[in-house]
Amino acid sequence: MKPILLQGHERSITQIKYNREGDLLFTVAKDPIVNVWYSVNGERLGTYMGHTGAVWCVDADWDTKHVLTGSADNSCRLWDCETGKQLALLKTNSAVRTCGFDFGGNIIMFSTDKQMGYQCFVSFFDLRDPSQIDSNEPYMRIPCNDSKITSAVWGPLGECIIAGHEGGELNQYSAKSGEVLVNVKEHSRQINDIQLSRDMTMFVTASKDNTAKLFDSTTLEHQKTFRTERPVNSAALSPNYDHVVLGGGQEAMDVTTTSTRIGKFEARFFHLAFEEEFGRVKGHFGPINSVAFHPDGKSYSSGGEDGYVRIHYFDPQYFEFEFEA
């Protein structure tokens, strides 16, 4: 399995994301550049220039017309995917940590950090109403008083958002009223990443408490746990197999003091039902910050602290592999 190496960032990768068809891969890092690549051969299509700080999150809408990015320069920006033109600039008081389009691509949500005396908020904008963008006034803003949101995704049918917090809590917020619909606490430490399954019936969380967990996306009922010895930075579900891939490694500040073998910088594959690890993929020099499955399930990508993104196309053995219970 020879990976395709994407060199487009000079700082560590913060998030990678495929569009719905999987022909494009968007990558953002702790530099101001937003890159988009052809996933089939790793050719760089272009960049979205405009941010002036680290970019924490990226999302593309259903038909890949628009791209949304959130950055530590206290802004969330909307781009035309094809031309790279900036369509909207939403200023915030603190860094934008998570962002996402709903299904129609009409409503965006993003969450801001609790820093410099400012509260953590989730803001909802309707892109069909230009006055909201021009006046920078969201139609709804949910304050998070307890611990700040570290990862968030739209729930099924765009009726709610599922948010993971610094303290390990999971909340489901209504996108209509803003109230908390469900609240659970299954993790003991910060939730770094949330990714939904292809059919949106379940999602996987990656946490600093060395585990990734599987939840039902409507009830937030805890289903499975995948245990490792290191903080998990990202986890993704395969669209056509019962497989989950975990990416992690130790804290960035501890990285230089250990050798790579001790650091455990592999991507780890677990079986969804049996919670058993069945494979590892080496490659990154440093922790893996973000993993994503291609929507066809034939490849996956990982972005690391080393600033590289690797696209791995699975060998034929992967598709013939039968898990022995």
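Cβ atoms are placed via backbone N, Cα and C, with glycine included.
Taken from Swiss-Prot as is:
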- 8-47: repeat 'WD 1' (REPEAT)
- 50-91: repeat 'WD 2' (REPEAT)
- 144-183: repeat 'WD 3' (REPEAT)
- 186-225: repeat 'WD 4' (REPEAT)
- Thr219: phosphothreonine (MOD_RES)
- Lys264: N6-acetyllysine (MOD_RES)
- 283-324: repeat 'WD 5' (REPEAT)
- Tyr308: phosphotyrosine (MOD_RES)
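Note on the repeat 'WD 5' (283-324): residues 1, 3-18, 20-22, 25, 27, 29, 37, 39, 42, 193, 195, 198, 230, 233-242, 245-250, 252, 255, 260, 263, 265-267, 271, 274, 276 of its chain, located 6 or more positions outside it, place their CB under 8 angstroms from a CB of the stretch. Tertiary proximity for the repeat 'WD 1' (8-47) is limited to same-chain residues at least six positions away from its ends with a CB under 8 Å from its CB atoms, namely 53-60, 62-64, 67, 69, 71, 73, 79, 81, 84, 252, 286, 289-296, 299, 301-309, 311. Counting same-chain residues at least six beyond the ends of the repeat 'WD 4' (186-225), those with a Cβ under 8 angstroms from any Cβ of the stretch are 150-153, 155-157, 162-170, 172, 231-237, 239-240, 244, 246-248, 270, 272-273, 275, 290, 292, 295. Mean predicted confidence for the repeat 'WD 3' (144-183): the pLDDT average there is 90.
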